[in-house]
Amino acid sequence: MEKNKEGRNLYFAIYAANIAYELGKWAFVVIILGTLIHYFVATVFVISGPSMESEFHNGQFVLVSRIGLFTEKYKRGDPMVLRFPGDPENKKYIKRLIGLPGENIKIQDNEVFINGKKLYETYVKVVDPEFLPYYYESEELAKEAQRLHQMGQAMTKPDLEVKIPEQSYFLMGDNRENSNDSRVWYSAKKSDLIGPVRFILWPLKDWGPVVNPYYGE
């Protein structure tokens, strides 16, 4: 009787060990796949700040594609997630890609000219800066998703003319009167870019793909 009990205990111990092994193996696979997806396919961010209003708002969860790092060129009009150039805290920000490598950018009277040709922008939010709250983001990363800042402040250098270096891009916020962007730091290197925003996940009323305003051009 005692031997049967010992046999059953041994059986259950081996069975439990096998289950633990299988669970551990699949957990390892899931972690590896999740890491690969995060760095090479797509990742989720949550919006924080006003500089990309009115298309993107505080609290929205967005899906950012990482595939473009290897398979496609970034396109004018793409809302891009990037590491702010020179930011020691390595925060992530969202701006719209306006100028491509090698192009001449001129900004005059709040209008953008690419190689001498006016860029028509339907997405720009025009506001009276006297009634606009200015923000310097300081939130920590969200628990479930990386917090995506929309670094904003009053613009003091609205007019400029600059040639974009190779392997660099010129980015601006849609909320032009409350965006710290390439008008201040001029350009971002390709290595600073993380990827374009392709989908709004939350809230449900905003759910859907993000369309490039210059798609097809």
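Placement of Cβ uses the backbone N, Cα and C atoms for every residue, glycine included.
Pulled from TrEMBL:
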type	residues	note
DOMAIN	22-202	domain 'Peptidase S26'
TRANSMEM	26-47	transmembrane segment
ACT_SITE	SER51	active site
ACT_SITE	LYS95	active site
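Within 10 Å of the Cβ of LYS95 (active site) there are 27 other Cβ atoms, across all protein chains. The average pLDDT the prediction assigns to the domain 'Peptidase S26' (22-202) is 72.
According to DSSP, LYS95 (active site) sits within a strand segment. Around the Cβ of SER51 (active site), a 10 Å sphere holds 28 further Cβ atoms from the protein chains shown. Classification of SER51 (active site) by DSSP places it in coil, neither helical nor stranded. Between the CA atoms of LYS95 (active site) and SER51 (active site) there is a gap of 8 Å, rounded to the nearest whole number.
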